[in-house]
Amino acid sequence: MGTKGFVLYLLTGFSAAILSLLFINNTTMDHNSTLFNTPHLTTVEVWPELEFNWRLVLATVIGFVGSACGTVGGVGGGGIFVPMLTLIVGFDTKSAAAISKCMIMGASAASVWYNVRVQHPTKEVPIIDYELALLFQPMLMLGITVGVSLSVVFPYWLITVLIIILFIGTSSRSFYKGIEMWKEETILKKELTRQQGTVNSRGELLIDAEYEPLVPREEKSTLEILCLNLRWKRLLVLTTVWFLFTLIQVIKNDLVPCTTLYWVLFCLQFPIAVLVFGYEAMKLWRENRKRMMTGNTESICEASIQWSTLNITFCALCGILGGTVGGLLGSGGGFILGPLLLEIGVIPQVASATATFVMMFSSSLSVVEFYLLKRFPIPYALYLMGVSILAGFWGQYLVRKIILILRRASIIVFILSGVIFASALTMGVIGIETTIGMINNHEFMGFLDFCSSQ
């Protein structure tokens, strides 16, 4: 599945789902003139006690494996955590989504701490691409706030259908990308046995040079690598954006929904995101134009695409889409960002490190909000977050060892594809089961009113 085919698949699937909802709305209107005042069931809060039993053991194992694979792939793992917390542990859906954010935040933070002490595979630059982080983080966080709002309005069955369509598409595309990289690595390995210094079509070696450097590099201490990977000015900008979004959410949660001040604060998030994104986008566009005029073919950042207006707009839409899915699902948005970074030419190690870095900000925003709303029990959240922290660190360590043995960085891409596909299966099964129950109970299946559903 090529890029154009993938986009066409998403547009067709999403359009069919929306048209189905419009048909259901019209059918409902024929039988009920008060569509948006139709009663609907509220979620009952269910918080099991933290005690040692088979459910806790199984949740620990699944949480550890899901966090390890999710952070390595750069997707978080929310699509696995939410079903695990509801089906196995017994939490209600809203509480499960909140705890899922805690787990993603813990795993992402541990993964980031591991990555900042690791050298870039092929260059003397940070393994986290801060340019791409600044480009995607504001739009991702904006998308999360939009997704949380849509989760109140959209019917459960529509969210399930959209997630299945999206996850199957992204997992298939990532798997196809992994196969391409596997074949390319196979060719490289054969050529390397005959000639040193062979690189791929982008001038990069996908096998981690940290393990088998083609050109001898000066050994650096952990402190030197740490200083190289940290860019304090960019970190300050990212932290400022995170703080502003968090502050808006904290203030907004204490207001009555749909009041004037509520909507003013909600709309205030848009200029913040657009300003930061616009500044970084213009920077990339101008640098790309300058290099094209001088005949310099070197990439501005880790992405190998040309930073044209069309490509920048595409990245903005994908960032918002990733955040929206994160808000709907209770994940960090990595299900879009991880595959997108690979699609625009970022090598797996950097794509994983950058996506996890951005998810740390987006997931922590939700954790602060959920904490203030008292959406999750502190003991359970701390325990599972501790499990995720260990998994995030050891997941990165073990996968790098596997890459060392097999000499294939495409393993990261296959892990990413597998986590997304597993999330599609688990979320799909639960969603379909819940939707069938709603149909049997003759529950309302159309749009809900935003103001009365808060």
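Even glycines carry a Cβ here, placed using N, Cα and C.
Sequence annotations record features per position, and here TrEMBL assigns transmembrane segment to 6-24, 56-89, 156-176, 235-251, 263-282, 314-338, 350-373, 380-399, 411-432.
Counting C-beta pairs under 8 angstroms (sequence separation of 6 or more), the transmembrane segment (380-399) fails to reach the transmembrane segment (156-176), with fewer than 3 such pairs. Same-chain residues lying 6+ beyond the ends of the transmembrane segment (411-432) with a Cβ under 8 Å from its Cβ atoms: 66, 69-70, 72-75, 77-80, 82-84, 86-87, 156-157, 159-161, 163-164, 167-168, 170-172, 174-175, 177-178, 181, 329, 335, 338-339, 342, 348-349, 351-352, 399, 402-403.
Segment contact is absent for the transmembrane segment (56-89) and the transmembrane segment (235-251), given fewer than three CB pairs below 8 angstroms at sequence separation of 6 or more. Away from its own ends, the transmembrane segment (314-338) comes close to residues 70, 73-79, 81-82, 96-98, 100-101, 104-105, 108, 135-136, 138-151, 154, 159, 162-163, 166-167, 170, 174, 277, 281, 344, 351-352, 355-356, 358-359, 362-363, 366, 416, 420, 423, 427 of its chain (Cβ-Cβ under 8 Å, at least six residues beyond either end).
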